[in-house]
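To keep things clear, I will list the structure first and then write my remarks on it.
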Amino acid sequence: MNALAATNRNFKLAARLLGLDSKLEKSLLIPFREIKVECTIPKDDGTLASFVGFRVQHDNARGPMKGGIRYHPEVDPDEVNALAQLMTWKTAVANIPYGGAKGGIGCDPGELSISELERLTRVFTQKIHDLIGVHTDVPAPDMGTNPQTMAWILDEYSKFHGYSPAVVTGKPTDLGGSLGRDAATGRGVLFATEALLHEHGKSIAGQRFVIQGFGNVGSWAAQLISENGGKVVAASDITGAVKNSKGLDIPSLLKHVKENRGVKGFHGGDPIDPSSILVEDCDILIPAALGGVINRENANDIKAKFIIEAANHPTDPEADEILAKKGVVILPDIFANSGGVTVSYFEWVQNIQGFMWDEEKVNHELKTYMTKGFKDVKAMCKTHNCDLRMGAFTLGVNRVARATVLRGWEA
């Protein structure tokens, strides 16, 4: 089941639990606007190249739309639609005043020079500048984009609209980016895990973790978990996987990954087949890489008691059912990885106020939001007698539905 089908399925289950009117249900699913633009740039060798850029703006009932911009060769419209919709529910679960969006450009950033990427980003911004904005749609980095990409968008947008740092988040700190943004999703994963374990009378200390994916989110989660006394017994990325039942030395592993651009070859543990990482023996499994990695093929072999979804849509619905029967507790992506968008919101707030916070305040506020978010999800689980995924979906969908009705938008 692809990401869009799975997201629609979860939405429909939540709508049924909430008893939503069928017209309202239909209107909540339809995107507000889908934009597709041609971006033609001169390459460094003087030839012209054309790329397709797009933006799906899903819903703005609760505030400006929010979501990443990805540069990737295979940008699938269905997936972008699913991710835009997911952002609508995710921002509602986090209780921040945004709707959902997603976008990007179909290109391979690895095959473009820095100056070609800059030209492409600026042309894309020229095409969509009147469709994004501080109070309309606020983009952020995603796969294949970074703070520098956001800096180019900010500069190009500002040529049309005057200096507007709040038009994008995930910016370099020198241009109004927030402290703590880099670690935010990983730190949110830590706070979410703490809240879940607390509910079960446990803490991070002494638990054994397996982390699939050692990019920004996975590596920060590993660092923060080990600082809090958790044992990371296995980790993997695109290059390979490594395990050590006594616990990996995370500072050494981080250093190794930085120097060798990957986990492969780390001497503080035994190399294992990356495809077996999800079924390694542990208490808590954190998929922090791609979607759809936990499926009916491997769900029966998973040994973890808890799964924290740091990636988007890592567990497909068939695996969900298998794991539920085994009594595995899954903390869903729309809550577990919302630390990033929450600190993006803090960045936007700081830019609008023109007043920047210190990192301690950012992290303190993030913990407050994540802890409250977990309580809200649990309350919905109780009301509707459902698992955490449906608790989160009903919470998000209900908040968006209520805003839609209050604004008089229901069909």
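In case you wondered, yes, glycine gets a Cβ from its N, Cα and C as well.
TrEMBL lists LYS66, LYS90, SER344 with the feature substrate binding site. Its Cβ placed at the centre, LYS90 (substrate binding site) has 27 other Cβ atoms within 10 Å.
Within the same chain, residues at least 6 positions away in sequence whose Cβ sits under 8 Å from that of LYS102 (active site, proton donor) are ARG55, VAL56, HIS58, GLY67, GLY68, ARG70, VAL80, ASN81, LEU83, ALA84, MET87, ASP142. The active site, proton donor feature in TrEMBL is assigned to LYS102.
As annotated by TrEMBL, site 'Important for catalysis' applies to ASP142.
TrEMBL lists THR185, ASN216 with the feature NAD(+) binding site. Neighbours of ASN216 (NAD(+) binding site), defined as other CB atoms within 10 A of its CB across all chains, total 17.
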Candidates ASP142, SER344: member of the recorded positions with the richest Cβ shell (10 Å): SER344
Other C-beta atoms that fall within 10 angstroms of the C-beta of LYS66 (substrate binding site): 29
In the chain carrying THR185 (NAD(+) binding site), residues 6 or more apart in sequence that have Cβ under 8 angstroms from it: ASN216, VAL217, TRP220, ALA310, ASN337, GLY339, GLY340
